[in-house]
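These notes concern the structure reproduced below.
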Amino acid sequence: PEVKKFVAWDYVVFAALFLVSASIGVFFAVKERKKKTSKEFLVGGKQMTCGPIAFSLTTSFMSAVTVLGTPSEVYRYGASFVLFFLSYALVIVFTAELFLPVFYRSGITSTYEYLELRFNKIVRLAATLIYILQTILYTGIVVYAPSLALNQDFSNDLVFFGFAVTGFDLWGSVAATGIVCTFYCTLGGLKAVVWTDAFQMIVMVAGFLTVLIRGTSLNGGSTKVWEDAHEGSRLNIFDFDTDPLRRHTIWTIVIGGTFTWLGIYGVNQSTIQRCISCKSEKHAKLALYLNLLGLWTVLACAVFCGLVMYSHYKSCDPWTADFISAPDQLMPYFVMDIFSSMPGVPGLFVACAFSGTLSTVAASINALATVTFEDLVKKGFPNLSEKMSTWISKGLCVLYGVLCTSMAAAASLMGGVVQASLSIHGMCGGPMLGIFTLGIVFPCANWKGALGGLLAGITLAFWAGTGSFIYPAPPTKSIPLQLSTLNCTLANGTAALTTAAPTAAPERPLLADTWYSLSYLYFSAIGCLGCAIIGLLISYITGPTKGEDIPPVLIKPVCNLLFFWSERLKTLLWCGVQHDSLEIDFEKKLPKVTANKAFKNSINKETHCQISGYNPEEKSYTN
């Protein structure tokens, strides 16, 4: 079938997105030109409100992978993906109530500063390096994936979204993404990133709604779409099978999905940097809960788009019929199909897909610059002037912009490894979640346990992840639902699809059908639990940390919630941490250390000095 090409209006709409994004960077560069401190640049001077931060958080984690991948996932496997709304809710509650208060009150700029305050420099450095490598690799793939999907061939004409498949088109869109993100990050800092994200969130939802409305009307209305989805077994959402090898069940999505998202959300520099840029802890929490509504909105749009797409192609699947070369191209193909007579609308959808990418890349560049400056540059050069610090921060934005865009070129050579690389993001996120949980929840954990746990968690997660890539799970665990090509005019003109001759199954090791076949959503859980358990064991063997030596602001007393009826039990489980010396001012949400002589004497003066936000004269923690 003939694929329609982009017309002038599509290019105008698409180009407008890049233009507005770049303009926001210029606006904040001019507006904030007199505020030249690195803190103003990296965390917006801690004056941001909850609204734009909520938009920004949503857009940052809903990249083109969501816009292109989730509808395709629902189309092929059914709507069980919608259960992620439970995972998102749990993730936001844990982030807002467990991790955020500790980070916000500590007055830190980089989440890895916390690891030095709680453990030592070695733990901080190890976590920082893992984060930098993980984020550069992930961001490169996020830049490359939509550019590839939007530039692949649909048919023998090698035309997709009106872009002929030439080096310039694919690498032109990769370069444009990298350049625009680096431009507005470097000029405007965090404020530019946040406000651009808010704009991109509106574009993304507008793109989804346009597709939903048009697609539903063409396929006989929402009732008909629902009936088609039901007949095609796309609405079998609640699968209570406890088998951990099954790709998606309610348990893998709710439990495994929570660990996965908490690993790349709850302790991720990109999220926490936005939250601590809020003017108060109340605003930061509110931003997270508002962002949950955004996550649910995008998820609902993506799932319904998948169902509408199934209704449209239920008797002629473009992927099975070889009209497209990868499932991720289903959504763009569908858009060009239903909007062929409406110039400008396909351009809006391409802008929608690229919005997710721009925001993710911008968030990563800004977070990488912050982590490198706070954890590496300031440690090596502690006496830098504010002007020099700001210039170095901007230079780091440019450096990471180039590195992330270059990594897209490496991603192009990986072939099938792209999916594995996305899994690496989860595999690194699990052990990171484990090490922060050790620090915040378990006062007895020491630095040897934290470092040993981090290494053990990464080893376990990569062992399971790499094994699953080499030896994929048997088809019975993840087989897609049935797709039909009954009413297709096939690309090669033949009446039926030819079936390849069966080949002998390759020999699989003993672990291939057990450990290596675990659902990919459990990789993060394996890394987190492995890190926490091994970390606690090593801590007890080498001598646990004394609670009296830990500033209470660095520990979240979870036992207060679990054992609220017994003061004696709560105090016992504090492990010596002097939580009763804290009086929380609930208005300002800032902890203040009261005059407790035993507590003051037990804390080394040096620890006080190194805690960002500690005022030795007032003996209080402020931001």
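Every residue gets a Cβ built from N, Cα and C, even glycine.
TrEMBL: automatically predicted annotations, no manual curation.
Look at TrEMBL and you will find 6-30 (among others) tagged as transmembrane segment.
Counting same-chain residues at least six beyond the ends of the transmembrane segment (50-69), those with a Cβ under 8 angstroms from any Cβ of the stretch are 142, 145-146, 149, 193-195, 197-198, 200-202, 204, 207-208, 264-265, 270-271, 274-275, 277-278, 283-284, 286-288, 290-291, 293-295, 297-298, 302, 328-329, 331-332, 352-357, 359-360, 362-363, 422. The feature transmembrane segment is assigned by TrEMBL to 50-69 (among others).
The transmembrane segment feature in TrEMBL is assigned to 81-104 (among others).
If you look up TrEMBL, you'll see 125-146 (among others) marked as transmembrane segment.
According to TrEMBL, the transmembrane segment annotation covers 158-185 (among others).
Annotation source TrEMBL lists transmembrane segment at 248-267 (among others). Note on the transmembrane segment (248-267): residues 61, 77, 80-81, 83-84, 86-88, 90-91, 94-95, 98-99, 111, 238-242, 425-426, 428-430, 432-433, 436, 519, 521-525, 527-528 of its chain, located 6 or more positions outside it, place their CB under 8 angstroms from a CB of the stretch.
Remote same-chain partners of the transmembrane segment (288-310), defined as residues 6 or more beyond its termini with a Cβ less than 8 Å from a stretch Cβ, comprise 50-51, 53-55, 57-59, 61-62, 66-67, 70-75, 79, 81-82, 84-85, 88-89, 92, 95-96, 100, 201, 204-205, 208-209, 211-212, 215-216, 219, 225-226, 228-229, 232, 234, 275, 330-331, 334. Annotation source TrEMBL lists transmembrane segment at 288-310 (among others).
According to TrEMBL, the feature transmembrane segment maps to 348-371 (among others).
Here TrEMBL flags 391-414 (among others) as transmembrane segment.
Residues annotated as transmembrane segment in TrEMBL: 420-442 (among others).
Sequence annotations record features per position, and here TrEMBL assigns transmembrane segment to 449-471 (among others).
Sequence-remote contacts of a segment are chain residues at least 6 beyond its ends whose Cβ falls under 8 Å from one of its Cβ atoms, and for the transmembrane segment (520-541) they are 244, 247-248, 252-253, 255-257, 259-260, 262-264, 423, 426-431, 433-435, 437-438, 442, 444-446, 448-450, 452-454, 456-461, 464-465, 468. Feature annotation from TrEMBL assigns transmembrane segment to 520-541 (among others).
Long-range contacts of the transmembrane segment (125-146) within the same chain: residues 63-65, 67-68, 110, 112, 115, 173-174, 177-178, 269, 328, 353-354, 356-357, 360-361, 364-365, 367-368, 371-372, 375-376, 400, 403-412, 418, 421-422, 424-425, 428-429, 431-432, 435, 451, 454, 458, each at least 6 residues beyond the stretch ends and with a Cβ under 8 Å from a Cβ of the stretch.
Annotation: stretch 420-442 has the most Cβ pairs under 8 Å to the transmembrane segment (81-104), among 348-371, 420-442, 449-471.
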